[in-house]
Amino acid sequence: MPSGFQQIGSEDGEPPQQRVTGTLVLAVFSAVLGSLQFGYNIGVINAPQKVIEQSYNATWLGRQGPGGPDSIPQGTLTTLWALSVAIFSVGGMISSFLIGIISQWLGRKRAMLANNVLAVLGGALMGLANAAASYEILILGRFLIGAYSGLTSGLVPMYVGEIAPTHLRGALGTLNQLAIVIGILVAQVLGLESMLGTATLWPLLLAITVLPALLQLLLLPFCPESPRYLYIIRNLEGPARKSLKRLTGWADVSDALAELKDEKRKLERERPLSLLQLLGSRTHRQPLIIAVVLQLSQQLSGINAVFYYSTSIFELAGVEQPAYATIGAGVVNTVFTLVSVLLVERAGRRTLHLLGLAGMCGCAILMTVALLLLERVPSMSYVSIVAIFGFVAFFEIGPGPIPWFIVAELFSQGPRPAAMAVAGFSNWTCNFIVGMGFQYVADAMGPYVFLLFAVLLLGFFIFTFLRVPETRGRTFDQISATFRRTPSLLEQEVKPSTELEYLGPDEND
């Protein structure tokens, strides 16, 4: 009997449709609740910027005492705000190095459960910051929720990738990004002044992140652990068999279990690499460079600058209701993530990434032109909105969801944990740089700031075109062959791969 974890060809050569069980749906939904929180905390800090800055001003004045200045120095306020935004990424940078250790020690499911302690604590601190008259507490809360998000950014794709059926591997993997953008959109809507973006309710707006954390704590115990973790890492055949049965809906999972046994045998022959060994390995240097550059192409594209400071950008463009325009960008973000879900297994990772980079570069140039002409041509404010919407749409077609797919597929089991740590650290470091530095760069460059991103996007496009292989439909042996300078393997007939190969071993390097 075919298992839900295999892709067994039918008589006409077409792969069969595999069952999507209720357990699989519950497990994926429960996992991506973490990604929803990740996105929420990216977007939530934008809309209430003015009222939070007013709170910072009141706190600062209260500490000066009578006879002090009548307002906080602008430089101090800018620094406090930039730190409030960027400390989120510092937490992510630090925790991203712990993904491999925690996922191996606790398992995928229990690691996600334990991670919610950071979410609850961070949300509580942010919610209490105003009452405590302490911007330090808010910044600490942002740090903790960033640490939560750093772990989530690795744990969720790992878990979903290991439980996904083959024919849905790409689509279910992209749901991680979809949950992130939905979280951003929810934060933007709730951040409106007519909702929670007021001087009295903004602490509640920041604290709401506790709710999906509690929901995940409630649902995850009913979900199975990754069968790959149970058998290959923990050597627990009975629990792995039970997990496979729940996920696939089949009574006989012997084929899937045999697949796990074969993978375990290969893993025993492949030496895991430490971080230092990976960095010093000539064999893995090229795929590691590709993995890092693709992460840079995501974060240095300018997308986080748009979401962190979108309200300010729309105000600069002369939009009368910038908060609503920001929500419009969030809707576009969500819609085009759905488009990526539909296209990722059809068009290919490399093609979508190139399309996204090219489109974002064009929109960045258009945005610059619109901002420069705004004073002479007021209608340019509408052009700037179109440019931002297009910028967001092209991001979600390619640079948003694609880089993590490539990282997972470029490396076999031995170097993969270290490679994901390097890629994750690169991603979060750039996130921090943009969050901390964009406001200063924007003040210095004015309307020309997005030309800087256009130049970077062009460079990433050229690199992707010249160096990044297409990985869709190819086995890890074929992908690895491109880095051994034997491209002839890529011309061979592509054999079906399985979702367990998504994070499984391929060869003994």
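In case you wondered, yes, glycine gets a Cβ from its N, Cα and C as well.
For reference, Swiss-Prot has these:
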BINDING   Gln177, Gln298, Gln299, Asn304, Asn333, Glu396, Trp404  D-glucose binding site
CARBOHYD  Asn57  N-linked glycosylation site
LIPID     Cys223  S-palmitoyl cysteine
MOD_RES   Ser10  phosphoserine
MOD_RES   Ser274  phosphoserine
MOD_RES   Thr486  phosphothreonine
MOD_RES   Ser488  phosphoserine
REGION    7-13  region 'Interaction with SRFBP1'
TOPO_DOM  1-24  topological domain 'Cytoplasmic'
TOPO_DOM  103-111  topological domain 'Cytoplasmic'
TOPO_DOM  133-142  topological domain 'Extracellular'
TOPO_DOM  164-171  topological domain 'Cytoplasmic'
TOPO_DOM  193-201  topological domain 'Extracellular'
TOPO_DOM  223-287  topological domain 'Cytoplasmic'
TOPO_DOM  309-323  topological domain 'Extracellular'
TOPO_DOM  345-353  topological domain 'Cytoplasmic'
TOPO_DOM  375-384  topological domain 'Extracellular'
TOPO_DOM  406-417  topological domain 'Cytoplasmic'
TOPO_DOM  439-445  topological domain 'Extracellular'
TOPO_DOM  467-509  topological domain 'Cytoplasmic'
TRANSMEM  25-45  transmembrane segment
TRANSMEM  82-102  transmembrane segment
TRANSMEM  112-132  transmembrane segment
TRANSMEM  143-163  transmembrane segment
TRANSMEM  172-192  transmembrane segment
TRANSMEM  202-222  transmembrane segment
TRANSMEM  288-308  transmembrane segment
TRANSMEM  324-344  transmembrane segment
TRANSMEM  354-374  transmembrane segment
TRANSMEM  385-405  transmembrane segment
TRANSMEM  418-438  transmembrane segment
TRANSMEM  446-466  transmembrane segment
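Proximity of the transmembrane segment (82-102) to the transmembrane segment (143-163) is established through 3 or more Cβ-Cβ distances under 8 Å for residue pairs spaced 6 or more apart. Between the transmembrane segment (288-308) and the transmembrane segment (25-45), three or more CB pairs separated by 6 or more residues in sequence fall under 8 Å, so the two stretches touch. For the topological domain 'Cytoplasmic' (103-111), the number of residues in each DSSP class (helix H, G, I; strand E, B; coil) is 8 helix, 0 strand, 1 coil. Counting every protein chain shown, the Cβ of Glu396 (D-glucose binding site) has 27 other Cβ atoms within 10 Å. Under a cutoff of 8 A between CB atoms, and with a sequence separation of 6+ in the same chain, the neighbours of Gln298 (D-glucose binding site) are Pro399, Gly400, Pro403, Asn427, Cys430. In this chain, the transmembrane segment (446-466) lies close to the transmembrane segment (354-374): three or more C-beta pairs between them fall below 8 angstroms, excluding pairs fewer than 6 positions apart. When each of the listed stretches 172-192, 202-222, 354-374, 385-405, 418-438 is scored by C-beta pairs under 8 angstroms to the transmembrane segment (112-132), 202-222 comes out highest.
When each of the recorded positions Gln177, Ser274, Gln299 is scored by how many other Cβ atoms sit within 10 Å of its Cβ, Ser274 comes out lowest. Look at the Cβ of each of the recorded positions Asn57, Asn304, Asn333 and count the other Cβ atoms within 10 Å; the largest number goes with Asn333. Here the transmembrane segment (324-344) does not lie next to the transmembrane segment (143-163) in space: the count of CB pairs under 8 Å, restricted to residues six or more apart, is fewer than 3.
For the residue listed as 'N-linked glycosylation site', the nearest of the binding-site residues Gln177, Gln299, Asn333, Glu396, Trp404 in terms of C-alpha separation is Gln299. Taking Cβ pairs closer than 8 Å, the transmembrane segment (202-222) reaches residues 26, 29-31, 33-34, 36-37, 40-41, 44-45, 48, 51-52, 55, 109, 112-113, 116, 119-120, 122-124, 126-131, 138, 141, 145, 187, 190-191, 195-196 in its own chain, all 6 or more past its ends. Listed in sequence order, the residues of the same chain lying 6 or more apart from Cys223 (S-palmitoyl cysteine) and placing their CB within less than 8 Å of its CB are Thr23, Leu26, Ala27, Ser30, Ala31, Lys109.
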